[in-house]
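*Asks:* Got a structure for you, questions after.
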Amino acid sequence: MGVLEREKKTGKVYIETYGCQMNEYDSGIVSSLMKDAEYSSSPDPENSDIIFLNTCAIRENAHAKIYNRLQSLGYLKKRNPELVIGVLGCMAQNLGDDLFHQELPLDLVVGPDNYRSLPELIQRIRSGEHSISLTRLSKIETYDEIEPRVVNGIQAFVTIMRGCNNFCTFCVVPYTRGRERSRDPKSIVREIQDLTEKGIRQVTLLGQNVNSYKEQGTDFAGLIQMLLDETTIERIRFTSPHPKDFPVRLLRLMAQNPRFCPNIHLPLQAGNTRVLEEMKRSYSKEEFLDVVREIRNIVPDVGITTDIIVGFPNETEEEFEDTLAVVREVQFDMAFMFKYSEREGTMARKKLPDNVSEETKSARLTKLVDLQTSISHEQNRARIGRVYSILIENTSRKSEKQLCGRTPCGRMTVFPLPEGRSASEMIGSTVSVRIESATSATLKGGILS
């Protein structure tokens, strides 16, 4: 019997998740792998034997947040020297061994393709090893047969592919998540039907470039058709796609099938063709607008959201104004808007000067946010009087007497809990809601009797 086997012990695992929905899904993968290794989950870092921080690397403030969190966990390590603390996810992959040079209470650094090794790595730490880093990228790992532990609720994320081949100059994802590889479509069908039988009503399909999915001759549109034909899931959503991968067949499926929600996240990033070329986005401003027109022509009641970066290297005021012009023309329902932030290892960091001042970036972001907030408000006001089929997802964050859910096109909607009904019996049901008022972020209405 080997040393590791003799000394093996388990314990309680606490996982704290930062960043995107795929990290949420990956935390479920980690939880499942640890459960298979006879560890139990813990809701509280104070009473845990192992703490994992599943991290993001998209922006600089994501790194700062993790450094601060690790420092704040130092007192637990002092109180219990046998506590194992690990950093997982994209920050782990991006920085690797460098994290051990920061004088942080840290034992493990493990990238997204290496989670199967976590139980073994923990035993190595407990056997006396220090500062273990494992950040190999895999060309094949999809965790296909690992069933993530389901969080209580009526909706779930399902990763269908991992990695990205686009290498946009500002983006760290190809370096932290590796090249594209897709899951077996039959495995995805099985997972989603299993979730449905456990009470899940809505799934969101995930991938760094989700609509480039292709496996065993099945493309993304083919996978959607399989899910519509072979599962009974009530609603299907997806994120994040690339504008270059929107075949007409996919849009027609959306137009013809109410279960495939008319809700598309279409990252613009910038509205000027020269800037888009510097970003290596593989489309021009005009081509992006053509995609939007085709989407709206085939799926008239679609909700379109986006991502936009301001202050990219060498972006002039006139080029920024081009972005504002595209935002006015497209009339996005909502946008995630950010100041450009250099990321270690990206081509933009290596080859382009970060030469737009912080003051200018902030001013541009404020201008963009103000414009989009106004557009979002008008878009929502235009929905007043309409009736939507809403899957009740939860109670409102502001009141237990308010329910909330999203329209098929993705707009968050809140409405009163009917008298004599409990929230627990209503969550998971689908109701017709008439919209009565709107803010820039939320529709408000009432359930039709």
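Cβ from N, Cα, C; glycine included.
In case it helps, Swiss-Prot gives these features for our protein:
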DOMAIN    11-127  domain 'MTTase N-terminal'
BINDING   CYS20, CYS56, CYS90  [4Fe-4S] cluster 1 binding site
DOMAIN    150-378  domain 'Radical SAM core'
BINDING   CYS164, CYS168, CYS171  [4Fe-4S] cluster 2 binding site
DOMAIN    381-449  domain 'TRAM'
*Asks:* Within 8 Å of the centroid of the Cβ atoms of CYS20, CYS56, CYS90, which other residues of that chain place their own Cβ, given that this set defines the recorded [4Fe-4S] cluster 1 site?
*Replies:* TYR18, GLY19, MET22, ASN23, THR55, ALA57, ILE58, ALA62, GLY89, MET91, THR176
*Asks:* Averaged across the domain 'Radical SAM core' (150-378), what pLDDT does the model get? Just tell me the whole number, please.
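*Replies:* Averaged over the domain 'Radical SAM core' (150-378), the predicted model reaches a pLDDT of 96.
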*Asks:* CYS20, CYS56, CYS90, CYS164, CYS168: which of these binding-site residues has the highest Cβ count within 10 Å of its own Cβ?
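*Replies:* Highest number of other Cβ atoms within 10 Å: CYS90.
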*Asks:* Let me know how many other Cβ atoms fall within 10 Å of the Cβ of CYS171 ([4Fe-4S] cluster 2 binding site).
*Replies:* 23
*Asks:* Rounded to a whole angstrom, what is the C-alpha distance between CYS20 ([4Fe-4S] cluster 1 binding site) and CYS164 ([4Fe-4S] cluster 2 binding site)?
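*Replies:* Taking the Cα atoms only, CYS20 ([4Fe-4S] cluster 1 binding site) lies 15 Å from CYS164 ([4Fe-4S] cluster 2 binding site).
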*Asks:* Return the member of CYS164, CYS168, CYS171 nearest to CYS56 ([4Fe-4S] cluster 1 binding site) in space, with distance defined Cα to Cα and candidates limited to these binding-site residues.
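*Replies:* The smallest Cα gap between CYS56 ([4Fe-4S] cluster 1 binding site) and any of the binding-site residues is with CYS171.
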*Asks:* DSSP-wise, what's the residue breakdown of the domain 'MTTase N-terminal' (11-127) into helix, strand and coil?
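*Replies:* Helix/strand/coil tally for the domain 'MTTase N-terminal' (11-127): 64 helix, 22 strand, 31 coil.
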*Asks:* Tally of helix, strand and coil residues over the domain 'TRAM' (381-449) according to DSSP?
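*Replies:* Once the DSSP states are binned, the domain 'TRAM' (381-449) shows 5 helix, 33 strand, 31 coil.
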*Asks:* I need the neighbours of the [4Fe-4S] cluster 2 site defined by CYS164, CYS168, CYS171. Which other residues of that chain put their C-beta within 8 angstroms of the C-beta centroid, in sequence order?
*Replies:* ASN166, PHE167, PHE170, VAL172, VAL173, PRO174, GLN208, ASN209
